[in-house]
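See below for the structure under consideration.
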Amino acid sequence: MFFNKKNNQDELKKLAATEAAKSITTEITLGVGTGSTVGFLIEELVNYRDKIKTVVSSSEDSTRKLKALGFDVVDLNYAGEIDLYIDGADECNNHKELIKGGGAALTREKICVAAAKKFICIIDESKKVNTLGNFPLPIEVIPMARSYIARQIVKLGGQPVYREQTITDNGNVILDVYNLKIDNPLKLETELNQITGVVTNGIFALKPADTVIMATKDSNIVVL
């Protein structure tokens, strides 16, 4: 029998997104993340329209999708605190620490996490790891500092690769760092952010997910 891995993974992403949407309560200020899994969440939100008071988005891409479905997206400065933020991840470890930023929205995502009372991360089982770092670590950097930051990362043992033809919503660029040992995500997140010219990096350990909703390959839901 022919097995389509991508279609199956999409089904799992949709399953996790649908489960997370059940956490939406009345009069909620909802933060919406970015990425393929969140795309399924956005589609599901039409069933919760009456409960959502305000929507805050972490990217221009998600904002376009939300507005296309008739949602009024509000700037975080006007929304204030986010009651619930839902987003995906590129990797998630046993401590609910994450690597994010494959979609280049890591800075706004990290701001939304910081402003949220609760952060639910939605993933399929392929994103669950014991140790972070197999997925290249995205770092958003000020363009003029790109080469300088790359040299500092090499000193830390990483192999930075410039993500060509990618400009973030903030007008910056992305370095994807390969082969970086992430034994202590909290320490490395702090260390990388102290390099001059770094806007932020894709490790979410200072404020990890409060809850992880994971769809397994046998189409079950596991809550971490």
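From the backbone N, Cα and C atoms, a Cβ is placed for every residue, glycine too.
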Task: Residue from Lys65, Lys67, Lys127, Lys128 that Swiss-Prot also lists as binding substrate with Thr34, Gly35, Ser36, Thr37, Asp87, Gly88, Ala89, Asp90, Lys100, Gly101, Gly102, Gly103 - done: Lys127
TODO: Starting from each candidate's C-beta and looking 10 angstroms out, tell me which of the binding-site residues Lys100, Lys127 has the most other C-beta atoms.
DONE: Lys100
Task: In the chain carrying Thr34 (substrate binding site), residues 6 or more apart in sequence that have Cβ under 8 angstroms from it - done: Ser58, Ser59, Asp61, Ser62, Asp87, Gly88, Gly103, Ala105, Arg108, Glu109
